[in-house]
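Written below as structure tokens is the structure these notes are about.
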Amino acid sequence: MVNAGDMNGSGNLMDFLDEPFPDVGTYEDFHTIDWLREKSRDTDRHRKITSKSKESIWEFIKSLLDAWSGWVVMLLIGLLAGTLAGVIDLAVDWMTDLKEGVCLSAFWYSHEQCCWTSNETTFDDRDKCPLWQKWSELLVSQSEGASAYILNYFLYVMWALCFAFLAVSLVRVFAPYACGSGIPEIKTILSGFIIRGYLGKWTLLIKTVTLVLVVSSGLSLGKEGPLVHVACCCGNFFSSLFSKYSKNEGKRSEVLSAAAAAGVSVAFGAPIGGVLFSLEEVSYYFPLKTLWRSFFAALVAAFTLRSINPFGNSRLVLFYVEYHTPWYMAELFPFILLGVFGGLWGTLFIRCNIAWCRRRKTTRLGKYPVLEVIVITAITAIIAYPNPYTRRSTSELISELFNDCGALESSQLCDYINDPNMTRPVDDIPDRPAGPGVYTAMWQLALALVFKIVITIFTFGMKIPSGLFIPSMAVGAMAGRMVGIGVEQLAYHHHDWIIFRNWCRPGADCVTPGLYAMVGAAACLGGVTRMTVSLVVIMFELTGGLEYIVPLMAAAVTSKWVADAFGKEGIYEAHIHLNGYPFLDVKDEFTHRTLATDVMRPRRGEAPLSVLTQDSMTVEDVETLIKETDYNGFPVVVSKDSERLIGFAQRRELILAIKNARQRQDGVVSNSIVYFTEDPPELPPNSPHPLKLRRILNLSPFTVTDHTPMETVVDIFRKLGLRQCLVTRSGRLLGIITKKDVLRHMAQMANQDPESIMFN
């Protein structure tokens, strides 16, 4: 080591920070990342690899591997997300049917698979085969009668309670972050907020298992939102295997954006819709490179799911439909009405659900999550069983509502009175008068609609995985099917009216009720989530109805306009605000005429800003400042008198630097001078070794003047993803504005509680 006398001389002092040490550049839990810093670190890393690649063949190969690592991660995410989605689909199919009966030839077969393998099944009774037995047939050898019905009812409720209890217990004990849909948190993480463990291995495992259990229990929730969370967990796991992503939170966010696209791709069998969903709804920073990688990940995920073929129909989704009738201009009016209904339902749902979730957070109700899940499951199962439209899984219900009534359909919704003289081809059946089955189905659908609307409000947000896409689509599909049947019967009985006369002649196939169900589903999903472009693309990929883009667009835009008239927030943004996450929404507008000086701290009457000086504080002074405050970083100034700004030092890196210096550098003691300049300060003889911390100093912190309008400051925070910004006047430090300060100020200006921003 150099002795103290030599230190004031030529400046040949070892700077132990010339080599990076562990954990520098990482962030603590519930902190916001610095996007500019992450970007510049990645640029430095890339520059280093490029210059080294010219030195040898081995370094050149390493640079190629680094360039390809992004595509390898996308390939792995797509393969794992597609496989998990296929396994979840197969398991849900089997466990949903297990509530009603069991296959005697192989208990792991679902009802449909069991009857496929049976040789004794006839076409008319294709849902009844000797190999599949209801619980009443198996236990008391009765398939009809009151006792058989009561036994089947009882076992249906018991299985539902068993599945739900197991799911909520697993979530509570092993992975509390596995609850909910996951999309609000993923939006927050992609905006640069750290939630450690949210995308961990335990969360991935427990969410996958419990997702099967809760969907099978018959609760009013879907698996589509949670599949985005599952895919992002896969993305987080694979990115941790490559130092390029594991050591840079900004690069990791790019991987997670692509993983979200793969999640929607397997949830709906909609790869392009998945990419657009990630771009429109989830991602905060979406460069062109991420667009290509998202596309590749979504493609691989969809290909993997198609290889597994979970639905046995060679399609990626359960409800693929083909309609044979074009739509007519006069039908735009009912389509727009469905859009209005979707917007109103979205507004009602968001307000009621947020009120219930706030009540859960602020009252004793939140202390009993297991009891809440059990009670809601019991109510759902008891009310759902008597109605055939609520008893079956929601995906099957949507599939039936979307279906066109062909000659081979046995559904009640297709119980029309046929003309005995009809000699038309099978796929072009004319409009017919509704039979008794259709009227019964209408009543049952109306009751199912009211039940779904009410129960979904209480189900979404419980401590179990719960998606909102499928329940929203079910509400819209039921309303749409009823409107469609109404329009169809109106056109049949009043084909001489002026609105029908031009396009609906007697004996023609004019109106497709299934199309109205599809449009209604899109409208309700749009009303709740406020999606537009990605929603329309997902819907036509989902159903294969390419020529129905205009009705879908009309309904999606109308539902968004109507819902936006009552409030700009979609369900995910509302849950982000409820949980107090520091999310600066790109869609929010800030129009108030305030200045940076109104928002910065310290305010008048507050203690002065805690700062570090460039070469006059000891190690002990710095440690005391860190201990007595909880700030995430400190501005560095020339001196406390001049307060001319030099740079900014992060709290975590100061702690790590001092800890490492004490361990690795002899002579660093509590009264050693800490300096941030290039050369050490002039010190008296026999002084202890000074500690140079210039390497951890950010020499170009973002600054604004005190008269900068807050509109500009908010824009800077949004577009550059800043953590904090320093306020100066003529180079002299006045104060600091953090992301939390910006969010509090925006809440205050919108007459909301500024203290609702809970996290750092």
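Cβ atoms are placed via backbone N, Cα and C, with glycine included.
All annotation found in TrEMBL is predicted automatically rather than curated by experts.
According to TrEMBL, the transmembrane segment annotation covers 68-92, 153-175, 195-215, 255-279, 291-312, 332-356, 368-385, 441-461, 468-487, 515-540. Residues or ranges marked as domain 'CBS' in TrEMBL: 600-664, 697-755.
Contact between the transmembrane segment (255-279) and the transmembrane segment (441-461) is absent: fewer than three CB pairs lie under 8 Å, with pairs separated by 6 or more positions in sequence. Here the transmembrane segment (468-487) has Cβ contacts under 8 Å with residues 181, 220-225, 267-268, 331, 334, 337-338, 341-342, 345-346, 349, 389, 394-395, 397-398, 401-402, 413, 434, 438, 442, 445-446, 448-449, 452-453, 456, 459-460, 511-525, 527-529, 571 of the same chain, all six or more residues outside its ends. Residues 95, 98-100, 135, 200, 202-203, 205-207, 209-210, 213-214, 216-219, 369-370, 373-374, 377-378, 380-382, 385, 391, 462-465 of the same chain lie 6 or more positions beyond the ends of the transmembrane segment (153-175) yet place their CB under 8 Å from a CB of it.
Beyond the transmembrane segment (441-461), the same-chain residues lying 6 or more positions past its ends with a Cβ under 8 Å from any Cβ of the stretch are 180-181, 219-221, 345, 348-349, 352-353, 356-357, 360, 376, 379-380, 383-384, 387-390, 397, 411-413, 415, 468, 471-472, 474-475, 478-479, 481-482, 485, 571, 575.
Within the chain, the transmembrane segment (195-215) has long-range Cβ neighbours (under 8 A, six or more residues past its boundaries) at 29-30, 84, 87-88, 91-92, 95-96, 163-164, 166-168, 170-171, 174-175, 177-178, 182, 185, 188-189, 221-223, 226-227, 229-230, 232-237, 256, 393, 464-466. Mean model confidence of the domain 'CBS' (697-755) amounts to 88 (pLDDT, 0 to 100 scale). DSSP states for the domain 'CBS' (697-755), grouped as helix (H, G, I), strand (E, B) and coil, give 24 helix, 19 strand, 16 coil.
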